[in-house]
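Chemist: Below you will find the structure I want to go over with you.
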Amino acid sequence: MASTASSSAKRSSYTPGFELPSSPSPVGGAMLPKFLRDLSQDLVEVTLELDDDDDDGSIVVCSVAPANDDLSVAAENGILRRSLSTTSRSVRRTFGWLKSASSRTTASNSESVVEFTLSAREGRRMKAKLQRTRSSAQRALNGLRFISKTTAGGNDAAEQWQQVEARFESLAKDGLLARADFGECIGMGDSEEFAVGIFDALARRRRQKITKITIEELRDFWLQISDSSFDARLQIFFDMWVSLTLISLYSQPLIRADSNDDGRITSEGVQELITLSASANKLSKLKEQAEEYASLIMEELDPENFGYIELWQLEALLLQRDVYINYSRPLSTASVPWSQNTSSLKPKNLVRRLSRSLQCLALENWRRGWILLLWVVAMASLFVWKFYRYRKNTATFQVMHYCLPVAKGAAETLKLNMALILLPVCRNTLTWLRSTRARSFIPFDDNINFHKIIAFAIAIGITIHAGNHLACDFPRLVNSSPEKFAPLSSDFHDKKPTYEFLLTGTEGATGILMVILIAISFTLAAHRFRRNMVRLPAPFNKLTGFNAFWYSHHLLGLVYILLIIHGSCLYLAHNWYEKTTWMYISVPLLLYVAERSLRTCRSKHYAVKMLKVSVLPGNVISLIMSKPPGFKYKSGQYIFLQCPTISPFEWHPFSITSAPGDEYLSVHIRTVGDWTRELKRVIAEEDDSSVVHPARFAQMQNLDQRGQPRLFVDGPYGAPAQDYQNYDVLLLVGLGIGATPFISILRDLLDRARTAEEQMDSNTETSRSDDSLSSFMSSSLTPGDKKKSQKTTNAHFYWVTREPGSFEWFKGVMDEVAEMDHKGQIELHNYLTSVYEEGDARSTLITMVQALNHAKHGVDILSGTRVRTHFARPDWKQVFTKIASKHPYSTVGVFYCGMPMLAKELKVLSHELSQKTTTRSCKYASEAKSADATIQTYRNRPAFPSLLPTQTPKRYPSSQTLPIASGSSHSKFYGLKFSTSSTLPIPSSSSGKMFISAKVDKGTVPPAFTLKDQDGKTVSFSKFKGKPVVLYFYPADESPSCTKQACAFRDSYEQFKKAGAEVVGISGDDPSSHKEFAKKNRLPFTLLSDEGNKVRKEWGVPSDLFGALPGRQTYVLDKNGVVQLIYNNQFQPEKHIDETLKLLQSL
């Protein structure tokens, strides 16, 4: 007998862009024939001889050979055509379906057709049985779980049963558990209908019609559904289908035992199970299309049109689970190994690990740190100065002792903070400063965090200042003796003041009013009040929410007027230069007023017209507006919108979702607040004809331009996401409406790719005829031209949402990317958290329907786009590891927009992989954009969180950035753009060079040394004489900037060799650290260990950051050991290579 076998080791290799067959195959649907054709590459033909005469029924293997083309065709057609010439009669009788058509000439034509179709299905059954392997069954086992991973008790079977038993005790009545409570009892309380289906299937096995079970029966049911074998789980799943088939056939509410139980499932049973799965996963749209998808499964598994399917077909479908899922990912690139040997990268010494962690912490936060340190030092200095000034005044000190000096010291800090608190909210100024070198050392993304810190300091200052006045120096002054008061009498018009006089005077009254207004403003700005989390009875409920915060914050304008009056009417100061309040606040106040005036004027100029409004699922509206003349913006930025019809004062921020190259502006607004709900109402009332459900961006020619309420635009304003072009690879993570800023980035990337492709196509003929000229032009590009080129090569977009309707928001963009991104540079991953994780029995059927529909129609059943929707939440560690492995030595920008709970996890993963992978840079930042969405951008850098970033490197186009940890627990919005944690590049000098005097000068011979290399061998400086030497001192192994410098030397090592030069690196790390560092980064040159920095000191290598950071300095020595170049640049390590190569080429 000839048989076939299939190897399970090889994966499927077909591409997603296949052509569907023009006519239906007699034995397969849209996908299975292609699976079999693909798997036939591994088929072998085994010829067996069965001996009838032998008592033991021995089987002799006659031959084993690769499957020929005929067998492949047979496999594809579902028929195993074999020669039966050597097969015994018993085998012929047992497997009569294997007989050839010529052996059945006595049968009628109708019987021949039936036998042919039956043999076709039987042939496919045999082939599926031969193809089943232990590994494939194990993979399918992971895709068919009835006990969720989140079930109480975790993976401990005994503990799980204890939880189930405890729930039985609480739910059972008279010792019996009702059928309706079965789901809640086994941990499927949110999937009651599905659980009832399991109950009915298990009851059917007992040939019983039961509605209640005892604890013993529950135990039996539990053992069956928790059975870890694939066949047991498969049988339960199959029994559910059969049970639902019987229900649909007999229209009975309970299970009916079938006397002719032949194990067949009809289309009605499939439809019922799809309905149950859709209900369990809250997919109402899928329930409406259950009949359509049931027909799709029947078309796939019942190509003979018998009207039923069998257990082995369901088994084959589940065994092909991985192939089906992989098959439906047209935008995924080839898989790469994700695992990396990272255990050896961790420092083994505890002290070294702790030291590096502290160094990492310091270097991550140095920009925030120096700003806060400068601020604290300034406040302390002002307090001490004012305190001692009044302490030395004998007359006042005798009356009020330390009360007055403390109050005056606190007042001086209040003046400073009342001035500084305005700067973080000058958005136009900050947006401009982002484009300057100031962004290198000032964390502009922390502006609102700093704003809140200053507010907290103001509250403390007010408490100290007002408290000392009211409770200490005022009573002392009022109760002072005439002798002590005499020196102060002239300050009070020669009359001793009363307590009432001090409170009701100009200085006292203005101070009290300021305290009241500030208390109101600060209270309503608190998170719980601003987010409307405090429930107050009417009419006090108007005091919570964003509107209360917004209007109360404008009371601070009155506070500044009172502050100027308060500071000008001091009792103990008479000269104008002693009244310094106006000196502190004048410049910031004028700047802020100018910004507000600019906003008002610009908004009138930037009046826009609503071209089209789309009402989308999930309470989201899409506004497509005319683009004001001269309005320019970058992807990732945001604008403020005002609708005078609603309020002429309120401005609300929203991310721009259109690309900079589009001729219109678009925003997506979720209606969750008073203003957004009112906007939706006004739009609908004004002109319902312009509201569509939904709209695509590509349909601009159909825009209805009839009258709508006017909108004013203010902006654009900067955000961390606007710097996405500084990174080689992007990881964009959006939660719900938080995807909005990244849509603009995706569209911009697509527009750039399309433009580049069109330009390349248009210049193809020219470049063919003028290759030499093109080569010359490309090689003669100026640095500025190269800098303007697009740096981002790949983008990975992860959108996580819990509502299937959310995919309608950006359906047009998704389809456009899927259609236009031919090179696979943009990967789109949609995750729907309302669906149970892939592998749960409640989502298994949905997975199969999803794959089949995508294979046949190229559309995902959940999102309605070409992008496949994944279930549950992403495994972020796996996502990060994949990207780090896929893009080694690249700068990865991780941008996150969503709720704060995920921000911490992304940041931790960024830092972990920064130290364990070869990805050159991972950068992390964050911001908040609106009351509806919190935007956070994370930039990640592997190796070590940034030991001093740089400007855009020449070799690897990216900027290095330091992660900055958030000081707050979550992102908040105070009506102004801010970030909870962010990163910005560290500065470099304007020329990119720093020349610092040192002990070793150009033209001299430096001191000799003897050090150990990475292998522990002793190396003398004299070893390098007779040839040029490039010797560079760097701060530390594993730091990102030092890794960048070392990798740049490595990549240019051949050029150094051609110049006859030797490259040597020196740092204070020990030889074992050097060895790990060299092995990890494949460094071909020598690293020397200067423990204690003795050689560094002898050569006079300067330190940076006020001595806190070892210097980065490179020396080039000629053949005679004379120094020809000294180059120092801490912040642009790659420039060391450029400068040294230039000199070596001239030697």
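Note that Cβ sites are derived from N, Cα and C of the backbone, with glycine treated the same way.
As annotated by TrEMBL, region 'Disordered' applies to 1-31, 757-789. TrEMBL lists 1-13, 772-781 with the feature compositional bias 'Low complexity'. Annotation comment: TrEMBL describes 369-388, 453-471, 508-527, 548-573, 579-594, 729-750 as transmembrane segment. Here TrEMBL flags 603-723 as domain 'FAD-binding FR-type'. Residues or ranges marked as domain 'Thioredoxin' in TrEMBL: 1000-1147.
Can you tell me where each of these features sits in this structure?
Modeler: Note on the transmembrane segment (548-573): residues 396, 415, 418, 488, 491-492, 505-507, 510-511, 513-514, 517-518, 520-521, 524-525, 529-530, 542, 579-582, 585, 589, 649-650, 974-975 of its chain, located 6 or more positions outside it, place their CB under 8 angstroms from a CB of the stretch.
The list of residues near the transmembrane segment (579-594) in space but at least 6 beyond its ends in sequence, with Cβ under 8 angstroms from a Cβ of it, reads 415-416, 418-420, 422-423, 425-426, 429, 560, 563-564, 566-568, 570, 573.
Within the domain 'Thioredoxin' (1000-1147), the DSSP-based counts of helix, strand and coil residues read 51 helix, 35 strand, 62 coil.
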Chemist: Checking distant contacts: for the transmembrane segment (453-471), what same-chain residues at least six beyond its ends satisfy Cβ-Cβ under 8 A?
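Modeler: Beyond its ends, the transmembrane segment (453-471) has Cβ neighbours at 372, 379, 403-404, 406-407, 410-411, 413-414, 417-418, 420-421, 424, 511, 515, 518, 522, 525, 967.
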Chemist: Can you name the far-off residues of the same chain, 6+ from the ends of the transmembrane segment (729-750), with a Cβ under 8 Å from a Cβ of it?
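Modeler: Distal contacts: 620, 635-636, 638, 654-662, 667-668, 670, 697, 719, 721, 792-803, 806, 809-810, 813, 816-817, 820-821, 825-826, 879-880, 883, 887, 890-899, 902, 906, 929, 932-935, 938, 940.
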Chemist: Taking the domain 'FAD-binding FR-type' (603-723) alone, what is its mean pLDDT?
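Modeler: Taking every residue of the domain 'FAD-binding FR-type' (603-723) together, the mean pLDDT is 76.
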